[in-house]
Amino acid sequence: MTAIGYLGLALILGSLVAKLAEKLRIPDIPLLLLLGLIVGPFLQIISPESAMKIFEYAGPIGLIFILLGGAFTMRISLLKRVIKTVVRLDTVTFLITLFVSGLLFNMTLNLPYNCPIGYLFGAITSATDPATLIPVFSRIRTNPEVAITLEAESIFNDPLGIVSTSVVLGLVGLTSSVNPVIDLITLAGGAILVGILLAKVYEKIIIHCEFHEYVAPLVLGGGMLLLYVGDELLPSIFGYGFSGYMAIAIMALYLGNALFKMAEKHEDYEYVVRFCDDLSLLARIFIFVFLGACIKLSMLKSYLLPGLMVALGSIFLARPLGVFVGLIGSKHSFKEKLYFALEGPRGVVPAALAVTVGIKILKNADKIPTTITSYISPTDIAGTIIIGTFMTVLLSVILEASWARILALKLLGEYKPKYKEDINH
């Protein structure tokens, strides 16, 4: 029952804080993180141990809500216009950001350059979240393809961040892994196949049956089963599974576009969209409040400086380097590349992954190889990853949301719509 009280408190205070952020016209993420710090380590209303226990369930479920809602509303017709850039950003840029962030992490903590702990941090913090930028784009007239690109990049690199984290966890000894390359192929390839298959099954079912408002929990239930089968059931039987989170995103992308094109199923489409929007709001509050609440004051004091250093390195070095290398030879001007480089705020996925991984490390400390623990203890691994991610999310959202409008006007300028979709996007 105590957990219910904590969840209720988080929702009430989180809603008030989010409303305040709306009035101030600032992103709600920093205020929710600070709220978590206040009710957690500062006032000790919610203990860090309780916050972590709640996060074990709230984190994964919240990620399902976020991925399902984001991918379901992404239009493939818009995606086709920016697909070349998105592919580059979600492959070359993502990997460079991951490796540079990991290298900086290892250098900051005096770990060997090839230590997987740094690259675990890189995998966790490389996924972007454009949610803080969408209100900015709605208030200025600038090239909508920039907004579409950043949004699409996030929708696809969110599951990629989760897959990459799973692969690196295998190198750390926290998941059963025989070969990282095979892991990556099965996690991503299997997710794409299973996601499309379930989406096609759902499409046939929804076409022939009238579910009305029950179509939303039907789709959500499918997403939850994908996560269980891919991340739990198959690995326990065969040793290999697929990324449930990526499968959810693929299923939602396919099904959302299929229903959107059917005039007679537009009501079903709207039911799912509204349902996911409401659940995503709950997920955001839970994830950011409990991320802040799970931090101990001793942890904050010990890891604040290294956390700040790796956060700044990830924001100002890893991401820009990844963007400029990834977009070499592309159609984009230097100013557009600079905008992409400076607008990659981290959000829900890194926050959820950091705590989930931190809990996993502390619970399975004995499984981490001595080649790693001889340099850094499991407690220090969990602490630096959580604080480093906390600072990366906090700083990237505050900085990049504050200068997003100014940079858009300076670097991109005013824009006259070329397509009908641009007027409404």
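From the backbone N, Cα and C atoms, a Cβ is placed for every residue, glycine too.
Please treat TrEMBL annotations as automatic predictions, because they have not gone through curation.
Bear in mind that the values here come from a model prediction, so they are computed numbers and not experimental data.
The domain 'Cation/H+ exchanger transmembrane' annotation in TrEMBL covers 13-387. The annotation transmembrane segment is assigned in TrEMBL to 6-22, 29-48, 54-74, 86-105, 184-202, 214-230, 242-260, 281-299, 305-328, 340-361, 381-408.
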For the transmembrane segment (214-230), distant same-chain residues with Cβ under 8 A (at least six beyond the ends):
60-61, 64-65, 67-68, 72, 190-191, 194-195, 198, 202, 205-206, 241-245, 247-248, 251-252, 255, 268, 271-272, 274-276, 279
One stretch in 29-48, 86-105, 242-260 has more Cβ pairs under 8 Å to the transmembrane segment (184-202) than the rest, namely 242-260
Candidate ranges 29-48, 242-260, 381-408 - greatest C-beta contact count to the transmembrane segment (281-299) (under 8 angstroms)
29-48
Any chance the transmembrane segment (29-48) and the transmembrane segment (381-408) have 3 or more Cβ pairs under 8 A, given the pairs are 6 or more apart in sequence?
yes
With Cβ-Cβ distances below 8 Å as the criterion, list the same-chain residues six or more beyond the ends of the transmembrane segment (381-408) that contact it, or say none.
26-27, 29-30, 33, 105, 109, 117, 120-121, 124-125, 132-133, 136-137, 139-140, 142, 146, 291-292, 294-295, 299-300, 302-304, 306-308, 310-312, 314-315, 338-339, 342-347, 350-351, 353-355, 357-359, 361-362, 368, 372
Can you tell me which parts of the same chain pack against the transmembrane segment (340-361), counting only residues 6+ beyond its ends and a CB-CB cutoff under 8 A?
29, 52, 55-56, 59-60, 62-63, 66, 89, 97, 120, 124-133, 146, 149-150, 153, 158, 161-162, 165, 169, 172, 174, 283-284, 287-288, 290-291, 294, 314-315, 319-320, 323-324, 327, 332, 368, 378, 381-383, 385-386, 388-390, 392-393, 396-397, 400-401, 403-404, 407
